[in-house]
Amino acid sequence: MPGAGSRGPSAGDGRLRLARLALVLLGWVSASAPSSSLPSSSTSPAAFLASGSAQPPPAERCPAACECSEAARTVKCVNRNLLEVPADLPPYVRNLFLTGNQMTVLPAGAFARQPPLADLAVLNLSGNHLKEVGAGAFEHLPGLRRLDLSHNPLTNLSAFTFAGSNVSVSTPSPLLELILNHIVPPEDQRQNGSFEGMVAFEGMVAAALRSGLALRGLHHLELASNHFLYLPRDLLDQLPSLKHLDLRNNSLVSLTYASFRNLTHLESLHLEDNALKVLHNSTLAEWQGLAHVRVFLDNNPWVCDCYMADMVSWLKETEVVPDKARLTCAFPEKMRNRGLLDLTSSDLDCDATLPQSLQTSYVFLGIVLALIGAIFLLVLYLNRKGIKKWMHNIRDACRDHMEGYHYRYEINADPRLTNLSSNSDV
């Protein structure tokens, strides 16, 4: 039919126009979409479907009592009253803060995990009430570079804490920085009383630091605020790589037993706020022999007498002590607050007069001896008659003895008297 024939071509043209419009729209969408959202021409349909259906990998779990940041690779478990190290620490952790908890004991293998915490580099365990750290407590941490055990009252620090639990094999520790500030236990928790307990505590710390070859790579060591009286003789012998040593705010009265000769890389030594009174020539010579060291000595009670002369001369010539201009005398009273660099040889004398306390002691002793002497004389006076009679008896006895002696001598001297004596005897 004519009508049907006329509608056919117009309908076909309409469908063709719609198809062209659809192709144009599809091309515009393809051009505006990101190239990464479309599969490449070399990707098969099966691969495209697989990639479209794949899910992102699940995030690592975070312990319930902690805060985790995978981007910063940091885990913080702060003030959570934890009794032990969380078991489900994420393996990506590089910085771990376990502070302000209630972990009194840190046993061997406390950080052993599967998979291991191979990237853990910074570990802060300060303020956890730790009393005991076992041998090999930090094993299985091959990347550990900084360890902070400050503000824990350690009564039992194993000699193999940093060396590993296998005591027959000395395993080098990866540690570069070790912070042990204020780890001294309270006085009532020290063994064998106060002084003996301090000596035992110093020996315990020294044993942990010199265990085998464990810490020979250590660069930074802090031992501030531990009430040390003396440094153990071999405390620093196994730390040849040490660059920074912090001993401030202790009670050090002398460095006689310490040796710094082996610390050839030492750059800074902090001895502020101790009880040092004078430094001897042996210590000064060791410091002068270290090429790069800087020693800080402020806030010590220096005694400015004749024993200080060598130290004052050394201070005036050396550049080892950056704060030498701030060093002042604490004793004797007449020299208080005078700068060490301002002293001359005439100022540094040993006063022959005794200290006031010693003078008082001698006066008291003299009074006691005088009283004893007075009592003795009084006893003699009260017994003067008896003493006089006793002396008369002694005199009479001596006289009788001497008369008998003279009589026998006269008889023996005269032969006639001798014969007479013999005949009379017969």
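From the backbone N, Cα and C atoms, a Cβ is placed for every residue, glycine too.
Swiss-Prot lists 34-51 with the feature compositional bias 'Low complexity'. Annotated N-linked glycosylation site per Swiss-Prot: N124, N166, N281, in sequence order. As annotated by Swiss-Prot, repeat 'LRR 1' applies to 92-113. Look at Swiss-Prot and you will find 116-139 tagged as repeat 'LRR 2'. Per Swiss-Prot, repeat 'LRR 3' is recorded for 141-163. Here Swiss-Prot flags 172-210 as repeat 'LRR 4'. If you look up Swiss-Prot, you'll see 215-238 marked as repeat 'LRR 5'. Positions annotated as repeat 'LRR 6' by Swiss-Prot: 239-261. Sequence annotations record features per position, and here Swiss-Prot assigns repeat 'LRR 7' to 262-281. Swiss-Prot lists 32-361 with the feature topological domain 'Extracellular'. Taken from Swiss-Prot, the feature topological domain 'Cytoplasmic' applies to 383-426, supported by sequence analysis. Taken from Swiss-Prot, the feature transmembrane segment covers 362-382.
Annotated features taken from Swiss-Prot, shown on the structure.
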residue	record	DSSP (3 states)
N124	N-linked glycosylation site	strand
N166	N-linked glycosylation site	coil
N281	N-linked glycosylation site	helix
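If one looks beyond the repeat 'LRR 7' (262-281) by at least 6 residues along the same chain, the residues whose Cβ comes under 8 Å of a Cβ in the stretch are 224, 236-237, 239-256, 287, 290-303, 307-308, 310-311, 331. Taking the C-alpha positions, the distance from N281 (N-linked glycosylation site) to N166 (N-linked glycosylation site) comes to 42 Å.
In this structure the C-alpha atoms belonging to N166 (N-linked glycosylation site) and N124 (N-linked glycosylation site) are separated by 24 Å. Tertiary neighbourhood of the repeat 'LRR 3' (141-163): same-chain residues 94, 111, 116-135, 170-171, 173-186, 189-191, 204-205, 207-209, 211-212, 214-215, 222, selected by CB-CB distance under 8 Å and a gap of 6+ residues from either end. With a cut-off of 8 Å between CB atoms and residues at least 6 apart in sequence, the same chain places L96, F97, L98, T99, D148 near N124 (N-linked glycosylation site), listed in sequence order. Other Cβ atoms within 10 Å of the Cβ of N281 (N-linked glycosylation site) number 10 in total over all chains. For the repeat 'LRR 4' (172-210), residue counts in helix, strand and coil come to 19 helix, 3 strand, 17 coil, using DSSP. In terms of DSSP secondary structure, the repeat 'LRR 1' (92-113) contains 0 helix, 7 strand, 15 coil.
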